[in-house]
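Summarising the annotation, Swiss-Prot assigns transmembrane segment to 67-87, 89-109, 125-145, 170-190, 202-222, 228-248. Per Swiss-Prot, the feature motif 'Histidine box-1' maps to 109-113; the stated evidence is a curator's inference. According to Swiss-Prot, the motif 'Histidine box-2' annotation covers 146-150, on the basis of a curator's inference. According to Swiss-Prot, the feature motif 'Histidine box-3' maps to 288-292, an assignment based on a curator's inference.
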Amino acid sequence: MITHRSNNVQYEVTPPSVEEDLGPQFEFYWTRQKDPHSIRRKLILAKHPEVAKLCGPEWRTKYIASAVVLLQLSIAYALKNTPVLSFKFLALAYVVGATANQNCFLCIHELSHNLAFRKPLHNKLFAIWVNLPIGVPYSASFQPYHQLHHKFLGDEVLDTDLPTPLEATVLSSLLGKAFFATFQIFFYALRPMMVTSIDMTFIHLLNVLVCLVSDFILIKFGSANSLWYLILSSFFAGSLHPTAGHFIAEHYLLDPPKHYTQFQDVPPLETYSYYGMLNLFTWNVGYHNEHHDFPFIAWSKLPLLRTIAHDFYQPLPKHTSWVRVIVDFIFDENVLMYNRVKRETAKDKSVDSKTTKTQS
């Protein structure tokens, strides 16, 4: 009972049970604990030292990626006289184009880890070639930002995969999440530049120049519709498309804990894998715990890594459908833009010029 001190009226108040679900938490899941990947990597190598032999480039990558690039450029040329808003044009852009461009996005992801060639420069140059069907320059900037994501997972400043506080505040409603899921490609393209700066290099300039020349040639010998096909393919690949589910599935908490004390509780699992058939089109990016544990193992050997270290990966929660991930993300009221594990940037944690220059 509580008695109001001015009118002596008594109120009966029942405090919530410790076990009661208090609803969604409108705050990130802050922790000071180290991310689990480096810890698990050491444990796996200690128990399964043969895993180290899986590291290194995959020779087939360049041939598969080149076939996808040529497929997209061929379709773009073939659609030069097809109206952009026609069913044929939009259906091809969504079904074939988005799947192919998602493949290009994720091949560039492989190349950012130098997993197609032994020399970093060769991977960077090949990434510019794989970038052509995307329609806008992308590959040169992706690599340094993605390396920061791996090295500083969850860092409030250096991990630009994290939504900003403004995004989390504005977009955590049903409509906000639907907007984010529909236009997430723009968030992933623009957010890094607004959060963390990197040095511009000759590779960036070459990426822009080659992409512009490619677009010009495509318009000259095809038409503007040809370029629109590539742009729409890229948009659909980062929108409400089955393969786009990986963007959300990788690190968002879709089953958040009912209670969490910031900086005190053990953080929930912050990386999730998916082992379904869409990995066939996406360079096995669904093997995401495996990838973060061993970022220098190529896509083709991640299933073998999981088999060897089955005792480590089998107990981990996983997704069974990227489409289900998108649906749950939008419609589950307990899933917010805040549902990410986040870490403070330590004062002595900095990115020197060598980190950005050698990786950009």
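Note: Cβ is positioned from N, Cα and C throughout, glycine not excepted.
Model, not experiment: these values are computed from the prediction.
Proximity of the transmembrane segment (202-222) to the transmembrane segment (89-109) is not established, fewer than 3 Cβ-Cβ distances being under 8 Å for residue pairs spaced 6 or more apart.
Contact counts against the transmembrane segment (228-248), taken as Cβ pairs under 8 Å, peak for 89-109 among the stretches 67-87, 89-109, 125-145, 170-190. In terms of DSSP secondary structure, the motif 'Histidine box-1' (109-113) contains 4 helix, 0 strand, 1 coil. Confidence in the motif 'Histidine box-3' (288-292), given as mean pLDDT, stands at 99.
For the motif 'Histidine box-2' (146-150), residue counts in helix, strand and coil come to 5 helix, 0 strand, 0 coil, using DSSP.
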